[in-house]
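Undergrad: Pasting in a structure now, in structure tokens, and then I'll have a few things to ask.
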Amino acid sequence: MSSRVCRTCGGSDIDVDQARGSAVCTSCGSVLEDNIIVSEVQFVEGSGGVSSAVGQFVSADGPVKAPLLGSGFHTSVGKESRAQTLQNGKRQIQQLGSQLQLNQHCLDTAFNFFKLVVSKHLTRGRKTEHVIAACLYLVCRTEGTPHMLLDLSDLLQVNVYILGKTFLLLARELCINAPAIDPCLYIPRFAHMLEFGAKTHEVSMTALRLVQRMKRDWMHTGRRPSGLCGAALLVAARMHKFRRSVKDVIGVVKVCQTTLRKRLTEFEDTPTSQLTIDEFMRVDLEQECDPPSFTAAQHKAKMQQLEQELAKKLDEVEGEISCYKDEIETELEKSRPKLRGIYAAYTKEVDPEDNAEVLSMPSEPEEVESEDVELQAATHHLTEDFLCQVIQEEEVRGMKGDPVAEPEKESMGPHRQAASLTSILGKLPSTASLSLQQTFQTSDTSESGEKDLGDHPQSEELDLEGIDDQEIDKYILNEKEVQVKTELWMKQNAEYLKEQKEKQERINKEKEEGTYKEKKKKKSKKRDQIEALTAGEAIERMLEKKKISSKINYDVLRDLNRGTGSPTRSPDHTPDTTVARKRLNRRRRRKTSDSNQDLAANTSIMGKRFRHLISSTPKKKKTAHQVERTVTVVTETETPAETESNPPLDSAAETSPTLPTAPSPMEEEEEEEEEEECVSALQLVGDYGCDADEEEIF
Amino acid sequence: MDSSNDEALDIIITNVVATFRTRCHLNLRTIALEGTNVIYKPEVGKVLMKLRKPMITASIWSSGKIICTGATSEDEAKLGARRLARCLQKLGFKVRFSAFKVVNVLAVCSMPFAVNLINFTKNNRPIASYEPELHPAATYRIKNLKATIQVFSTGSLTVTGPNVQNVATAVEQVYPLLFECQKPRCK
């Protein structure tokens, strides 16, 4: 406490009285301060007799401004939750870090990272687990510990790439440049796991040399460091006459067999592999290699080149061969005996027939009828031609003098096709074609109007330049095909369609009932149907799930419903009964009832019941009727239990005064009990639920 | 910034992704049943339609938004998109071609030298990042161009950007950096 100087007299002897909260100058007696703010810690007694300090923790890096109530309301709430988040994060970091055997310094650094992350709002939308793992991995990288991201993902059972994504993002946002992974870091760890005994150090040294050699041979860029370590360790182990199979190594290193084998073969390709063990330990080759993927690519390129050359050569050779072939054939023909006379005529006839078959379109429409059959047979498989042929028939029947059917071979094909198109459309007047015609016209006009090839949003009409309409028509099926496809699709997706129908029906029904809620996507806790033969069984199962209380003797409850004339026993546990009565009392106020009955018998019964309930092991059997009520009653009892601030001890102390009052309410309760046993039994259970809760608190 | 010294670098565009809108509601079932080369995915709510002439795959949603992928140039993408719209028009929808935009361009390029990724990352932190545990390539992100370049140790690059111009610029930008960290060729 700094001694201040009195303002009036200048004396430095000031008496501060904490009790009165005043500061007085002893020399002149002037009061310097009144109502001093005391900065002592105050304690308050909480429920259960536990005393706790008053106040909140204000963290040094919290919001600097004092939180204003009202406008800044959310900041004050947010700050509290912020503290909670940090606390939670710290706990998780400790947990995960201890599993990884990180020292406290690393964990503290990780927590600092986490604080940074939280302050930058990067935890939003990400699982805290992932963020924490990323923070820990950041620490591992900056400190250079031999932990892989794979280890973390193993612990958390999360995909390593997801963790990697989070890690990369955090590293970028926090501007932390993690140094690149050196495979040499992992060697001692893996060597230790492979159990080389006394020679572990030597083996690690050898493996390190191997890895360095691999690095110089450019085998390590773009590869997982663990794979290289695995290969190096395998070789080193063999060098020191340890038998470690590929399986052992991959179990430790966490790569697959193929990868390991590949690394070994790559190493084999380097010149270093040719050295003996001794040479390797002594000598370091100067020569470096290209990375294996590079050499592989070059190899491929070479192979392709070779193939091309070969192909060229083949062509040349083929050319020569064909030359020889022609020559031979001409020679053969010359030597062949020639047909004379009638036979010559036959050979000539072949040609015009061939031509006729080859020509799909007849040159003159007059020939159509005669060649119709031939056409059908020959061109049936060509759809366009088929269509054209159909059109031809139509034309022949209908319009003889059609100008389109001009005997022009060259323009025949496209003309026919154009004709077929329009006639097809004419034959099948569908909305598609109608709108098509319209759009044709509109698009034509728009096309002529705006020749905008740029991406201006103003021209929303489709620019048809460069679009081959006929080709596009091929993309659209005609009616028959549509039918077929519809059938197929319906068959294929029958299940889905059924589901949709059911859903629609359900929605309609609910709409009628008026209970339809848009988007019932709430995933409430699954309440699967309890199947049971009797009501009693059903309650049993429900209670198993609901876990109301383990101290209730459900047997008795069951009996309650069935038999009213159960033998009486001496009432015990008066405090409990009175407590229960007190509970009942409270609820009595809510439920109106008035009945008068014989007290003694009832109290004894009640007492017996209570004792039963308390003492025996729980058996969960109740009537279905009571089930629902139990639930509601239990929930009701929760609130009184919570609102109760006084500890049960007090209530126990109060039992004596309440005892005289107890009988009267008891009467009412008993009556109700007798009249509506279900309800009172429920109350009992409910009460007992409270009671049990209290006991549990103890 | 001229990137090429003697030989010009071939930047091959392998994929162009574009979107456009038809400004009208589309009935996916009709499209699915009346079109060839269509795959209907009712669970997701879209139809995949494949065109042959520009090799294009389009995802069509019932709201009228369409994403067109697989083209090898921006013009081709536009042509393909227009063809697609024409096809939909013929199926009977009042299609209008609006808001055509090339969203993503993917290109591949190969350097004549191999690259030392570790040095490259060291020199260019934090723009470049290299995680051998996750991906064999080093990622270099150019913020102002919004382009991402993935550099492999063999010297091949994969560039993605919002349009072809950006992609070319990105390659030009990154070339000198790669040249510094090249691996001296041997053998």
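Just so you know, glycine gets a Cβ as well, placed from its N, Cα and C.
Straight out of TrEMBL:
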| type | residues | note |
| --- | --- | --- |
| DOMAIN | A:2-33 | domain 'TFIIB-type' |
| COILED | A:296-334 | coiled coil |
| REGION | A:398-418 | region 'Disordered' |
| COMPBIAS | A:437-446 | compositional bias 'Polar residues' |
| REGION | A:437-469 | region 'Disordered' |
| COMPBIAS | A:448-459 | compositional bias 'Basic and acidic residues' |
| COMPBIAS | A:460-469 | compositional bias 'Acidic residues' |
| COMPBIAS | A:497-517 | compositional bias 'Basic and acidic residues' |
| REGION | A:497-529 | region 'Disordered' |
| REGION | A:559-679 | region 'Disordered' |
| COMPBIAS | A:580-591 | compositional bias 'Basic residues' |
| COMPBIAS | A:594-605 | compositional bias 'Polar residues' |
| COMPBIAS | A:608-624 | compositional bias 'Basic residues' |
| COMPBIAS | A:629-644 | compositional bias 'Low complexity' |
| COMPBIAS | A:645-661 | compositional bias 'Polar residues' |
| COMPBIAS | A:666-678 | compositional bias 'Acidic residues' |
Undergrad: Which sequence-distant residues neighbour the compositional bias 'Basic and acidic residues' (A:497-517)? Criterion: at least 6 residues beyond either end, Cβ under 8 Å.
TA: 490
Undergrad: Sequence-remote contacts (6 or more beyond its ends) of the coiled coil (A:296-334), Cβ cut-off under 8 Å?
TA: 290
Undergrad: Helix, strand, coil: count each for the residues of the domain 'TFIIB-type' (A:2-33), based on DSSP.
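TA: Final tally across the stretch: 0 helix, 11 strand, 21 coil.
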Undergrad: So what's the average pLDDT for the domain 'TFIIB-type' (A:2-33)?
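TA: For the domain 'TFIIB-type' (A:2-33), the model's average pLDDT rounds to 83.
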Undergrad: Count the residues of the compositional bias 'Basic and acidic residues' (A:497-517) that DSSP assigns to helix (H, G, I), to strand (E, B) and to coil, and report the three numbers in that order.
TA: 17 helix, 0 strand, 4 coil
